[in-house]
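Per TrEMBL, the features are:
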- B:129-418: domain 'NADH:quinone oxidoreductase/Mrp antiporter transmembrane' (DOMAIN)
- B:6-24: transmembrane segment (TRANSMEM)
- B:31-50: transmembrane segment (TRANSMEM)
- B:70-96: transmembrane segment (TRANSMEM)
- B:108-127: transmembrane segment (TRANSMEM)
- B:133-152: transmembrane segment (TRANSMEM)
- B:204-228: transmembrane segment (TRANSMEM)
- B:270-292: transmembrane segment (TRANSMEM)
- B:299-321: transmembrane segment (TRANSMEM)
- B:327-348: transmembrane segment (TRANSMEM)
- B:369-390: transmembrane segment (TRANSMEM)
- B:405-431: transmembrane segment (TRANSMEM)
- B:451-473: transmembrane segment (TRANSMEM)
Amino acid sequence: MEVILAILIGVLYAAGIYMILRRSLVKLILGIIILGNGANLLIFLLGRIVKGSPPIIPGDSEVFESIYADPVPQALILTAIVISFGLQSFAIILIKRAYKVVKTDDLDEMNAIDKDS
Amino acid sequence: MTQQIVLYPLLLQLLLSIVLMFCWRKISWQRVISIVGGVINIAVSAWLFYHIWENGTQIVQAGNWKAPFGIIFVGDTLSATLVLLTALSGVAVSTFSSASVVAARLKFGYFPIFHFLLLGLNGAFLTGDIFNLYVWFEIIIISSFVLITLGGEKAQLEGAVKYFTLNILASMIFLTAIAVLYGLTGSLNMADLSMKVAAIENRGLVEITAILFLIAFGIKAAVFPLYFWLPDSYHTPPSAVSAIFGGLLTKVGVYALIRVFTLIFVGDLFLQNILLAMAVLTLISGGLGALVQNNLRKVFSYLIICHIGYMIAGLGLFTKLAISGTIFYLIHDIIVKTNLFMVSGLAYRIRGTNSMRALGGLYAEYPKISLLIAIPLFSLVGIPPLSGFWPKLSLISAGFTAERWWVVGAIVFASLITLIIIAKVWAAIVWKDKTDFPKRLNFRYFAKLKLVRKTQMIAPVVFLSLVSLYIGFGAEHIQQVSVRVANELMDNQQYIDAVYNNNPKLNR
């Protein structure tokens with residue numbers, strides 16, 4: 001399981017960065033989304049995957065008796081997902097506005113601000 | 001009363017943003033609330049600073065979860081100083097924006113977002129949890145995205161696309177770094193991380209994690225190979241927005257670098273050499289970049305990059321003297337850079353352009369304003385006894401002690417280039433004859449503004465210039481603060497002890 005996840009995360013990172021390096025604005029957003037998913041999965045993987053042992057202390061005990069799944073990474077992922085959701089929706093509106101105003105979706109042609117003013 | 005004092009600046013900003021949102025359509029109310037709130041914020045931050053100065057590091061544990069389990073807020077001297085500086089720049093910029101930002105922009109929630117940005121900045125300075133730091137960074141960048149795009153001009157949107165992409169990329173790298181660090185240590189509390197990272201035997205893995213943090217914060221702080229988004233975006237929004245960005249946003253990156261590399265990843269020669277190399281290249285490339293620009297705000301943008309190099313150099317040298325120089329420079333730089341962008345806004349309002357070729361004749365027309373803007377400009381160069389001089393003294397002498405001649409060389413070179421650039425700027429906008437730049441129709445020139453608006457534009461520049469003069473002439477006090485911060489940073493056991501043992505709620 002870990003190996004499969006590790007490969008998947010690698011592919012997601014590679015694909016995300018490749019998409020960000022493309023010139024199209026839409027691909028840029030897709031790249032950011034894919035990269036974000038890769039990062040979330042990485043947190044999940046690095047929190048160690050433990051199967052079928054929820055972090056619940058039995059009623060007759062004071063401490064954990066066996067190995068338990070760490071709940072913290074899941075809280076982190078949840079936070080990160082919500083944040084990236086907000087950012088991505090902002091990004092989509094931004095590229096729509098930018099496309100309407102600049103009238104191109106090619107990043108190489110967005111060079112008006114490089115000219116001397 | 002003082003148990004949760006660390007949270008007060010945060011709560012005040014949150015309250016202000018919420019109140020401002022209820023006054024959505026009432027621009028004149030918003031102006032008043034923002035300025036009055038800013039003044040209250042200075043009082044609260046000064047109180048926090050005084051309390052921490054007298055009683056040492058203060059902490060607040062969310063939900064009373066004992067460290068290292070809960071989210072923790074830690075106010076040490078560095079955090080308190082930065083919160084105070086944020087408050088000072090914040091009130092200056094909200095006064096400046098109430099006159100210089102047009103009402104059409106203010107109507108779309110400029111002030112609430114502005115106070116959310118300050119909330120994010122205060123949060124980032126005060127948190128003691130690395131994931132919480134990530135969340136504050138996100139609050140900062142979301143607010144800054146809105147501020148940079150507000151108005152929706154072509155140049156703004158182009159700049160925003162670049163600003164947005166690189167900042168999101170930095171956040172993703174930061175998140176990756178946190179994931180790897182959590183995998184290594186199983187902790188997020190910075191004091192706990194400090195101990196656990198020191199105990200890891202696989203130093204290669206620790207170095208790679210540190211490099212990930214370095215890249216993430218390096219993009220935010222705009223250091224050498226990672227700064228290209230900054231000069232492309234900082235000159236596009238209204239100058240009030242540039243002022244708060246230039247003064248504080250890059251400095252959050254510097255703050256995070258200082259925190260992470262003095263608390264978690266300490267004493268690694270390889271990392272220090274990388275930091276030094278980055279600092280030297282930042283100093284040189286930022287300076288050379290500023291030399292060839294013609295737009296006033298682009299010149300200042302490159303100067304931001306150039307001067308980040310000083311702080312990184314101090315961090316790379318990693319001696320008490322060098323760190324105190326870094327802190328002093330940070331204090332000086334926040335005030336002076338905020339002020340410079342407001343000066344550029346003033347020049348824009350007077351002539352209707354920011355191009356240095358078209359500006360000119362300021363001294364003939366407004367001799368008092370010319371004299372006023374001389375203070376931030378020459379403080380930046382560091383002509384003694386103005387404020388930029390003292391930290392450079394510490395940094396250069398630390399460089400000599402460490403026998404890093406190339407660092408000393410780069411610092412001197414960057415100072416020289418800054419001097420040349422400021423002389424050029426001064427000659428172009430103040431001494432040169434008035435150019436025949438055509439008058440713009442429907443532009444609200446400075447001369448046509450009402451007296452109250454003129455005051456609102458001049459007063460913050462005067463205020464921050466006075467602060468700069470105080471930093472220069474009262475250098476002894478600032479040096480005391482810097483040395484104390486440097487002592488705290490170099491001896492990170494103090495921070496760890498404060499987090500673990502100083503629990504005001506439980507002790508009483």
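Note that Cβ sites are derived from N, Cα and C of the backbone, with glycine treated the same way.
Only pairs six or more apart in sequence are counted, and the transmembrane segment (B:70-96) with the transmembrane segment (B:451-473) gives three or more Cβ pairs under 8 Å, enough to call it a contact.
Listed stretches B:6-24, B:405-431, B:451-473 were compared with the transmembrane segment (B:270-292); the greatest number of C-beta pairs under 8 angstroms is found for B:405-431. Proximity of distant same-chain residues to the transmembrane segment (B:6-24), defined by a Cβ-Cβ separation under 8 Å and at least 6 residues beyond the stretch ends, is recorded for 30, 33-34, 37, 40-41, 44-45, 47-48, 58-60, 73-75, 83, 87, 109, 111-113, 115-116, 118-119, 122-123, 126.
Listed as Cβ neighbours of the transmembrane segment (B:327-348) (distance under 8 Å, sequence separation of 6 or more from its ends, same chain) are residues 78, 81-82, 85-86, 88-89, 92-93, 96, 100, 238-240, 242-248, 251, 254-255, 296-297, 300, 303-304, 307, 310-311, 314, 354, 359, 362, 369, 373, 376-377, 379-380, 387-388, 390-392, 394-395, 429, 446, 457-458, 460-461, 464-465, 467-468, 471, 478-479, 481-482, 485-486.
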